[in-house]
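Heads up: the structure comes next, in structure tokens.
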There are 2 protein chains.
Amino acid sequence: MPITANYPDRKTWIETFPNTDFPIQNIPFGVFLTRDDIITIGTRIGDTAIDLGALHQLGYFDGIPLTDDIFLQDSLNDFISDGKKTWRLVRNRIAEIFDAKNNSLKNNEKHRQEVLFSLDEIEMQLPVRIGDYTDFYSSIEHATNVGKMFRDPENALLPNWLHMPVGYHGRSSSIIPSGIPIHRPQGQKLTNGAKEPIFGPSRLVDFELEMAFITTDANQLGEPIPIEEAEDYIFGMVLFNDWSARDIQKWEYVPLGPFLGKNFASSISPWIVTLDALEPYRTDGPKPLKEQLPYLQYKGKKSFDINLEVAIQPEKAVETVVSKSNFKHMYWTMAQQLTHHTVNGCPVNSGDLMGSGTLSGPTPDSYGSMLELSWRGEKPLQLNEGGSRKFIDDNDTVIMRGYCEKDGVRIGFGEVSTKLLPVFKK
Amino acid sequence: MPITANYPDRKTWIETFPNTDFPIQNIPFGVFLTRDDIITIGTRIGDTAIDLGALHQLGYFDGIPLTDDIFLQDSLNDFISDGKKTWRLVRNRIAEIFDAKNNSLKNNEKHRQEVLFSLDEIEMQLPVRIGDYTDFYSSIEHATNVGKMFRDPENALLPNWLHMPVGYHGRSSSIIPSGIPIHRPQGQKLTNGAKEPIFGPSRLVDFELEMAFITTDANQLGEPIPIEEAEDYIFGMVLFNDWSARDIQKWEYVPLGPFLGKNFASSISPWIVTLDALEPYRTDGPKPLKEQLPYLQYKGKKSFDINLEVAIQPEKAVETVVSKSNFKHMYWTMAQQLTHHTVNGCPVNSGDLMGSGTLSGPTPDSYGSMLELSWRGEKPLQLNEGGSRKFIDDNDTVIMRGYCEKDGVRIGFGEVSTKLLPVFKK
């Protein structure tokens with residue numbers, strides 16, 4: 001079935017600004033509270049939010065096999081379970097409804113009032129009920145930088161790294177949508193030269209520039225997913241800030257991996273951009289430096305050209321862009337990650353989220369964390385407002401943005417923006 | 001409020017065998033399919049399963065603040081969210097209904113037929129929808145044994161171990177109830193002396209003897225739980241088999257911890273024994289070998305005296321008990337684990353599950369994994385049926401059991417029994 005929603009020439013009757021992240025070719029999915037405090041599933045064109053629950057009740061999805069309440073839910077999980085064919089039918093239909101040549105909704109004021117919202121009338125929620133969250137470690141630049149700093153500069157990459165997309169399980173309960181502030185975490189840390197740990201606020205709170213993909217029901221317990229099928233189970237992608245407390249992490253992580261240094265918060269952009277919408281931006285991933293085992297070998301372009309940036313905005317001050325990177329630098333593709341994850345029979349369900357790992361590029365201005373950008377704090381970053389940063393200060397807001405662009409069409413992710421408040425006080 | 005359900009002298013009108021794990025003093029909670037294929041929440045006395053959904057509809061919980069459908073659900077999550085006071089009211093009421101001196105249900109045959117089931121009429125399900133699963137590493141004997149085998153025999157315990165309950169995130173999607181078979185996982189492994197990994201079936205499939213506790217909603221993002229409150233958020237406990245593939249684990253786990261070596265399956269006993277029911281079996285945990293940071297210090301007895309055993313049963317053969325241990329050997333208590341988990345503000349929700357880590361005791365016959373019992377395969381275990389085992393063979397069933405006993409009352413967990421099938425074939 002062709003992805004007619006992607007036609008680059010299509011115009012919409014919804015007013016949009018040039019260079020919006022959300023032209024009619026995007027059609028992402030999210031969950032929001034309406035002005036009447038009703039929760040619904042929606043999409044967005046330009047700065048207009050569209051209530052898909054209302055649209056469905058009014059009959060605009062007739063002919064597509066959908067249950068009556070599929071969009072009247074507080075998460076996308078059930079819709080995602082409907083599978084790729086249904087996602088595509090719905091996205092294609094939405095493109096038709098809002099096509100500049102289609103007058104049916106455009107000329108029906110009553111329907112428009114039920115369906116359309118301006119962004120300041122709605123409140124974005126977490127788009128999925130995340131069952132399990134896995135974080136990979138798939139940028140060779142990031143793994144190399146961290147290995148140089150914390151282990152052996154001569155053997156920065158560990159022996160398994162070039163053979164598999166190394167990953168670990170994270171905490172779903174602390175994943176929040178853009179806009180929710182977090183608190184500086186407290187915990188155990190070992191100060192330089194000390195033998196015994198102390199307890200207190202983390203002094204090294206950091207972001208990690210990542211993207212994450214969201215899956216549909218993929219397999220039964222015991223059943224691996226072959227690599228040629230893996231992308232069929234990926235619904236879409238979001239920007240992902242994997243907040244990290246480097247001092248807590250460093251003391252706790254041996255031998256079982258990161259725990260409290262990570263699980264105080266991770267934030268995501270609220271609109272899931274579908275893999276279908278990203279189709280025009282496919283590109284080759286980095287060339288493998290070692291032959292990969294057959295179950296991880298794939299054909300075709302399975303990486304995506306997505307420009308990324310991170311900005312720090314101190315309270316009541318202008319922001320400073322501190323990093324510009326690209327998703328295409330990721331060494332292991334999403335298809336490889338999902339295939340590896342299930343090769344032992346681990347079940348993957350609708351709403352599971354898988355992070356890319358920090359997306360550092362090859363140059364120092366493309367590194368994806370303060371740890372790397374300031375090189376452990378040795379090179380503080382100058383901010384436009386006059387100050388400098390080694391890590392993130394109280395009341396700083398960290399903003400990540402991402403977009404693809406080709407043939408005059410820009411498909412963006414909006415942003416994930418999260419403010420770091422001081423330590424929690426009851 | 002007194003826990004009247006625990007009165008040791010109480011008898012029940014339900015027929016029970018001596019030495020049952022489920023006397024009227026236990027009253028665990030589970031979820032099952034009835035003979036009519038209806039899913040319901042239930043409890044168990046002796047070998048009789050009790051449909052709490054039906055009991056509630058018939059008015060037996062009148063006066064307790066419960067929603068009408070609280071037991072007509074496919075998970076205990078909502079009931080667990082009701083909190084400790086409600087759990088206690090319900091358990092006390094169940095004890096009254098089934099007390100030998102109470103004739104109301106006993107003499108109502110119509111009600112009895114709606115409420116009571118024999119075990120062979122029902123099918124036990126996963127008792128909770130597990131949001132997040134965390135596994136700790138809290139047995140000093142296990143951590144020491146593993147450290148000796150894989151790292152430095154002279155410094156087996158890592159520096160952080162005596163300062164915190166080390167833990168990591170696991171995978172919820174592969175947690176299954178007793179009785180569901182699993183498949184031998186495949187994956188990457190590095191054979192002795194090789195430089196490059198190969199792909200194939202794990203040759204070192206192992207169990208880990210653990211217990212796990214299940215929480216209620218405990219805190220908001222950012223908010224730590226003080227140690228004196230921690231036990232209020234623990235609903236109950238189950239037996240937990242943390243299946244492990246040692247060869248896959250060994251190659252993958254540096255630096256981010258265990259992943260595919262663990263997430264192919266973990267199995268739990270289906271009846272959650274409440275912390276209230278375990279109250280009479282409180283005991284002191286091991287004495288700390290180092291002073292602990294103030295947030296981890298507690299008063300009173302926060303460990304529990306729970307006898308544990310593991311048996312291996314080859315196909316069509318008698319079983320062999322290969323380990324006898326006790327939950328009380330765990331160095332870090334559940335209260336310490338939960339407090340540590342939230343000290344950075346990580347949110348804990350109803351239905352989250354936290355594993356103890358392998359519960360090895362101090363003697364070689366009390367070790368909690370084949371890795372330790374056979375000491376990496378160097379000392380195969382003899383089985384009663386004549387064979388021997390270094391690890392688990394295809395078609396072996398691993399069975400774990402646990403119970404407390406004091407003053408003539410035995411509170412047991414039943415068992416978690418899981419068969420290992422050969423590699424999955426489509």
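Glycine residues also receive a Cβ, built from the backbone N, Cα and C atoms like all the rest.
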Request  = Please state which member of B:ASP242, B:ASP247, B:ASP276, B:ASP284 TrEMBL lists alongside B:LYS262, B:SER266 for binding Mg(2+).
outcome  = B:ASP242
Ask   = Of the candidates B:ASP99, B:ASP120, B:ASP132, B:ASP135, which does TrEMBL annotate as part of the Ca(2+) site that also includes B:GLU208, B:GLU210, B:ASP242?
value = B:ASP135
Key: Subset of recorded positions B:TYR137, B:HIS142, B:GLU210, B:GLN249, B:SER266 within reach of chain A (CB-CB under 8 A)   = B:TYR137
Remark   = What remains of the recorded positions B:TYR137, B:HIS142, B:ARG151, B:THR358 once a 10 Å Cα-Cα cut-off to B:LYS262 (Mg(2+) binding site) is applied is none
Query = Given the recorded Mg(2+) site (B:ASP242, B:LYS262, B:SER266), which additional residues of the same chain have their Cβ within 8 Å of the Cβ centre, ordered by sequence?
reply = B:ASP135, B:GLY170, B:ARG171, B:SER174, B:GLU208, B:PHE240, B:ASN241, B:TRP243, B:SER244, B:ASN263, B:ALA265, B:GLY355
Remark   = Whole-Å Cα distance, B:GLU208 (Ca(2+) binding site) to B:HIS142 (active site, proton acceptor), is 10
Task = Name the one residue among B:HIS142, B:ARG151, B:GLN249, B:TYR253, B:THR358 whose Cα is closest in three-dimensional space to that of B:ASP135 (Ca(2+) binding site); these are the recorded positions.
result = B:THR358
Remark   = Other C-beta atoms within 10 angstroms of the C-beta of B:ASP135 (Ca(2+) binding site) total 28
Ask   = Rounded to a whole angstrom, what is the largest C-alpha distance between any two of the residues B:TYR137, B:ARG151, B:GLN249, B:TYR253, B:THR358 that the record assigns to substrate?
value = 18
Message = Are there recorded positions among B:HIS142, B:ARG151, B:GLN249, B:TYR253, B:THR358 that sit within 10 Å of B:GLU210 (Ca(2+) binding site), Cα to Cα? If so, list them; otherwise say none.
response = B:THR358
Note = Rounding to whole Å, the Cα atoms of B:ARG151 (substrate binding site) and B:HIS142 (active site, proton acceptor) are apart by 13
Note = Cβ contacts within 10 Å for B:ASP242 (Ca(2+) binding site), all chains included, total 26
